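Encoded as structure tokens, here's the structure I'll be asking about.
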């Protein structure tokens, strides 16, 4: 028998349709009496079962893995004697939810998974087909509301299962299932009609109606398994699972009674594969009921405990348990293992893992639960067990996951009269209990001056009213100063078994929240230290979750990068990042994510990282109008990544003027742009002060010498106690190229034109020939050496003839430049006659605190005369390198080498943040 029998004859549908109850209690009672049904215990157990216990207990027989009663301990009267329920590792328990059972194709996939399990015995718990439970509840609700459409809704339920069965089954199995389906639906139609007439249904009656979804899905799966030739039985768990109400809409299993009934059931149907209904059970009085929320998972855990299964596998549509809600944190990862306590804490604080009560039955027998994805069998899933493996190393593994609870209110009870007064906390929470509110978290100051607790926002009004009423006298007398309610709160919980043994976890968590500008309203931590719970504004919750998760789960050297100026240097940098990012992540655990690229007119933004293999195409197709404020806000407001850096690849003064504000926001800055370090001295000093105060990094190696280690060499000398006497060098790659190639065979103007065509000069060569760029580099080095010089303090001898400085365009300048070729030829000839060459240099005299930029002559054996191409050369004369200067030489111009210098600064930043050297 598949359904539960009603003990009295229900009125035929036609007769019931003609009859309408009067609004009288006697009529209502008459109809309610009609619903009463009684289940025979004989139906469940095949005969009365009596159990008497003296002093023994149940023991597992070691050799056979059967459950055997201790001698004279238990006597069981049943029809079959000497029939024992096998227990232990031979059993594997699987649970498939409604999504897994949603279609005939999926039910067949479930059957294939079951058949692929090599366990000796398998017990399969199934939910109703997807959305059927809601449909069944809706049937009862419609009937209670006297909505005639309940009949149409019932027909839809019937059609759904009939269609599924026809797609899945055939032959005699299909006929049997459809016959039972017709019978059950006919009974349901009569029962719903009775509800319609009375306008009311008891909870047990509703549970009986709703439970049919599980009955039908279990039968369909058992028939599908039988098609393969495997022996299979199906179990109505109302015959086995006995529960008692425990308050708060919960039930507790009666394990002893469940064990007796399961043993009796198995004596009649000892199949190797058992398909059982989830969610439904019965009371001790054999009244149908349900296991409430997440009941099917609970069913699997109870049955797994009863048979001492090897493991319980919960099949879902996700790959396992995430370290955080992946809908809120895109970087959430699948956890391979969790402890029972961690899973319980996560479930309590809202993580979609398991209901906390699901863990209790298996926890006492150390039975692991595995969460797996039916739609991705290659994913190993998450194992919940007693002793989980470490995930990511020491500190990273101490926090396993983060969970949040929204829509809460914080209630704060405060007053000097609370301190040292016994019973105050008891009175507070007694009042909360009396109104039936659920306390999520409690925090009390050690001074006993205040206590606060979080409750669901929908319950806070009655809680507040009850507290004001209960403590009216104390409030009036001033013993309590206030009962305050703060709405719009959320809880963020960090969960981890190893938090108790790992120093510094709280510091890391609160540092992450502080850097995300999150204000914490309350804190709680149990003495077990399995979790740290903080209460914060609900509007800050997602930002807090991302910030905390990134600190513990992303690499310490995960950098969110924003690139300003995707031109020659910026474009070269992006291509270098594209080619090297994967290598850095694999070899050095440096994770670079470019989440923004902006030019002067358009910008491209991403929350998690731009695909650098097609950044140019994306910048054209998906870009939005450029706005430097919005661009920086996008970077600073992204709390997925713990560290942010802005890379300015422009030569723009207005962009450089923002460095101070970016550093103040906690954003690191890297740039080859000289404008900030050679600009007004007061602004430069303000910038450096902010950089130190904000604990951010400001790197600018490529401002002098492109990719050459000029700044770092100078810093190394100064930091080790050396004293700078003089710095002299050829700082311009453009001018180095021009004078290295001006050897007398070609006119000066021709060499300049060649350099312009090769891309060595600025669009207007006067910007290079003026010497201002070299002067800026001298100022950068002077300030790095501790000299407070302005750009105006550096005399510059420009190479631009005075009469050509006013040319309206670069083309006009290039047309008129040949008129000065004779002058340049004469200077070159004079130098050559003296065995010298012309070189344009910048010089810093640290002793006299002065600098200059000019054209000089050097002997052919001088290092400055040995250059080729666009090489730079810088000579450091110091107290240690006084007789023979320290020389740094190499290519000093070009997008690739400059971008390489910027890239080195990015890696230097990663090293400062914790990357291995």
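Here the Cβ of each residue, glycine as well, is placed from N, Cα and C on the backbone.
As the structure is a computational prediction, the values presented were derived from the model and not from experiment.
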Going by the NAD(+) site in Swiss-Prot, where 569, 650 are listed, which of the candidates 320, 892, 894, 914 is also part of it?
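Between 320, 892, 894, 914, Swiss-Prot records just one in the NAD(+) site with 569, 650, namely 894.
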Using all protein chains in view, find how many other C-beta atoms are within 10 Å of the C-beta of residue 894 (NADPH binding site).
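Excluding its own Cβ, residue 894 (NADPH binding site) sees 20 Cβ atoms within 10 Å.
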Could you measure between residue 569 (NADPH binding site) and residue 777 (active site, proton donor) for me? Cα positions, answer in whole angstrom.
18
Mean pLDDT for the domain 'ACT 1' (413-488), rounded to an integer?
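When the pLDDT values over the domain 'ACT 1' (413-488) are averaged, the result is 87.
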So, three-state DSSP: helix, strand or coil for residue 650 (NADPH binding site)?
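SS state of residue 650 (NADPH binding site) = coil.
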Under the DSSP assignment, what numbers of helix, strand and coil residues are found in the domain 'ACT 1' (413-488)?
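Per DSSP, the residues of the domain 'ACT 1' (413-488) fall into 34 helix, 20 strand, 22 coil.
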What whole-number distance in angstrom separates the two most remote CA atoms of the NADPH-binding residues 569, 650, 674, 894?
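The widest Cα-Cα gap among those binding residues is 16 Å.
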Taking only the Cα atoms, work out how far residue 759 (NADP(+) binding site) lies from residue 894 (NADPH binding site), in Å, as a whole number.
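So the alpha carbons of residue 759 (NADP(+) binding site) and residue 894 (NADPH binding site) sit roughly 8 Å from each other.
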Using a 10 Å cut-off, grab the number of neighbouring Cβ atoms around the Cβ of residue 762 (NADP(+) binding site), all chains included.
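Result for residue 762 (NADP(+) binding site): 16 other Cβ atoms within 10 Å.
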Highest CB neighbour count within 10 A among the recorded positions 674, 777?
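Sorting the candidates by Cβ neighbours within 10 Å, the top entry is 777.
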Taking only the Cα atoms, work out how far residue 650 (NADPH binding site) lies from residue 762 (NADP(+) binding site), in Å, as a whole number.
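Residue 650 (NADPH binding site) and residue 762 (NADP(+) binding site) have their Cα atoms 13 Å apart.
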Of all the recorded positions given, namely 674, 777, 894, which is spatially nearest to residue 762 (NADP(+) binding site) at the Cα level?
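Going through 674, 777, 894 one by one, the Cα closest to that of residue 762 (NADP(+) binding site) is 894.
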